[in-house]
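Take a look at the structure set out below.
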Amino acid sequence: MAAEHPFKNILTTLPKPGGGEYGKFYSLPALNDPRIDKLPYSIRILLESAIRNCDNFQVNQNDVEKIIDWENTSPKLAEIPFKPARVLLQDFTGVPAVVDLAAMRDAMAKLGSDANKINPLVPVDLVIDHSVQVDVARSPNAVQSNMELEFKRNNERFGFLKWGSTAFHNMLVVPPGSGIVHQVNLEYLGRVVFNTDGIMYPDSVVGTDSHTTMIDGLGVAGWGVGGIEAEATMLGQPMSMVLPGVVGFKLTGKLQNGVTATDLVLTVTQMLRKHGVVGKFVEFYGEGMGKLSLADRATIANMSPEYGATMGFFPVDHVTLDYLKLTGRSDETVAMIEAYLRANKMFVDYNEPQTERVYSSYLELDLNEVEPCISGPKRPHDRVLLKEMKSDWHSCLDNRVGFKGFAVPKEQQDKVVKFDFHGQPAELKHGSVVIAAITSCTNTSNPSVMLGAALVAKKACELGLEVKPWVKTSLAPGSGVVTKYLLQSGLQEYLNKQGFHVVGYGCTTCIGNSGDLDESVSAAISENDVVAAAVLSGNRNFEGRVHPLTRANYLASPPLVVAYALAGTVDIDFEKEPIGVGKDGKEVFFRDIWPSTEEIAEVVQSSVLPDMFKSTYEAITKGNPMWNQLTVPEASLYSWDPNSTYIHEPPYFKDMTMSPPGPHGVKNAYCLLNFGDSITTDHISPAGSIHKDSPAAKYLLERGVDRKDFNSYGSRRGNDEVMARGTFANIRIVNKFLNGEVGPKTVHVPTGEKLYVFDAALKYKSEGHDTIVLAGAEYGSGSSRDWAAKGPMLLGVKAVIAKSFERIHRSNLVGMGIIPLCFKAGEDADSLGLTGHERYTIDLPTNVSEIRPGQDITVTTDNGKSFTCTLRFDTEVELAYFNHGGILPYVIRNLAQN
């Protein structure tokens, strides 16, 4: 007989007004504990989950007490389990996840167990949005042409995902062309409150995309995790996490006329980066909340990874309920959501007196003080006020190469490169805009900035301004709803006239899917070493990400993207210099094309309608003709095609037995790479184009794949052979072994040969040598890319020694059995005199019971140096994963035994 639920005494019925009941719920007020009223709303969601899932095995009563006592336990970095309500995937991360699930089924069968035990136990939603590329732009047929090319390139991947949606229960696949995962999540998938088998509970989600945090704007707790962790969550494993501190961020006042949500989010990002919020939740509150639309909140929540927080959370209030109605959720559903959240102390009513909540630290921003700004040229938190942009650009040209520098000699700063663009004279200078993209989940779901951009285009058309034809302009909305309201407003035609045709519904320029520049433009840039610029309404602008030829990349609001496209350069002072000359020969200034807040609000009010959301999402599950024509087998085990260059059986479980291998130390390892600070997951495992001379290109060419069909690294994440070769393959990666030379090569220490990283790793492996990686601060920042851990593991990397790790990447390394070590405060490779030419031994006990989370570990080198590091296995559960050789073997053995 099943044991009684430890908290069954607080299971309470929620009555419906007018009779009947909505269901039952675990009532926080019924605990009669005064500490709950002081808890941040985001922590209450963790508390409810712990109570509901308490079985005194995966989650115990002590965990519940830790969360109730959050004020005292969070500073001690207490560990808690968390079981999210659902999992969200996109196709770049979803394909390798489904590949792993399929391989796990094979492993279960080989161990003599039931393969069907490998099945998601919570709802899994997979939105295909990362495969569209901007091959065709500035054309009314762009959407159809790009989609046809997308299907041609990705036929096999899409077929595999369609197989997954039938082979696994509880998995919804949203077909390509439907929109960006986070916007679809916000407008359609987000439940806010679940009612399953008569039990009600708050929606919560983990996603294999770091911008999953966008859903926090809807009052749903959600954040990005590695694909490896997401797979374990699907299979019923609790996530182990440190109970986070919560930064209370008070908003007062309201935004000034002409200031956008993007200006606000870039300001908030800079403030929070400065405050230091890594590993923490940020919870927004204050009277300024009522002035923030839900789309504005979602924009701020979306950029949590850029300010470093786990979440940027906006509790549910009346604004949330209005948005749920606007997006087509039924009145009955919204009434149920409100009733549950009010009854369980999770609803904020600003008309009632507020109980003062306790936060770990506090920040405050008067919205009235936010000014127009952009961020760049190489990092999202390097904010530049619009009025200071020209002088900032000139100092970037002067400064030595770095996050704010290009080191262009003074005498070359004003050079003009003239070239022929399809028969017409064209010119480029340093700072010329060659890509202007309204793109990414951050902004394309926000009607005020999207319609604002369209109004800028309209005013420019009326004044006779035109974007130069050599600027690659594009518009990639987050969902079909955007197209509907742009058409309803009559403004899409003006965006089209300026070259901003819709190119597709998905992630494009922001993740490097910007497509090629015109050959004449590419040649002008590379032959003359021009520092060309991209301006995009995205959330990431790390070097080499947007496009290999745009060395300066600025994040800006959609209306500013249009303004910079019209100006054709970032080297401009919008207050003093004209953007261009109008049809009557008069100079046109920024202020002439910039819409007022009232103008924008009026268009939003008349153009964004509930029926648009309903009709868009009713069509989603029906798919589209190209998707519906894909035929897939109906077997529960996948039949791998050994010749496939997209889907390949991974080697992780090949020789697996029922006995865990135990912890591995590291003996006399060579250093594969020696890095400085801010190495992103993009540097480790790029998502964009496959360089023609790279080991991955060589592999594909040997298998008969033409260069034009290489597709991107992101689209080939279902093939470990390609991805291992693509590890550390970013063309902008800086490795100290190369003394200033940039690119994906390293030195094979024993011979001194300079080789591609993959070839060097292969050489070490064939010689029987382990390898490690040395790194600086913020190692693994950026996207939640599990291949940034899988790739190094396949290359034979046994440990990474860094000054600090980004949260998701550290847990991914643990998940793949790689040891993360941190230098002691104030120390790093340079201060310890390490060049990377040494051999490294990491002394670890061979019995896992003798290892403690966070303990000191001694590292010795062959030249007699030794130093102490902190072992970054942060929890007992992570040590168990390490003992099993990673999280997935741990799950397989557990399921096979039960």
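Each residue, glycine too, has its Cβ placed from N, Cα and C.
Annotated features in Swiss-Prot:
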| type | residues | note |
| --- | --- | --- |
| BINDING | Q90, D209, S210, H211, R540, R545, R703, S784, R785 | substrate binding site |
| BINDING | C441, C507, C510 | [4Fe-4S] cluster binding site |
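All features noted in Swiss-Prot, drawn onto the structure.
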residue : record                 : DSSP class
Q90     : substrate binding site : strand
S210    : substrate binding site : helix
R703    : substrate binding site : coil
R785    : substrate binding site : coil
Site of maximum Cβ density within 10 Å, from binding-site residues Q90, S210: Q90
Which of R703, R785, all binding-site residues, has a Cβ with the fewest other Cβ atoms inside 10 Å: R703
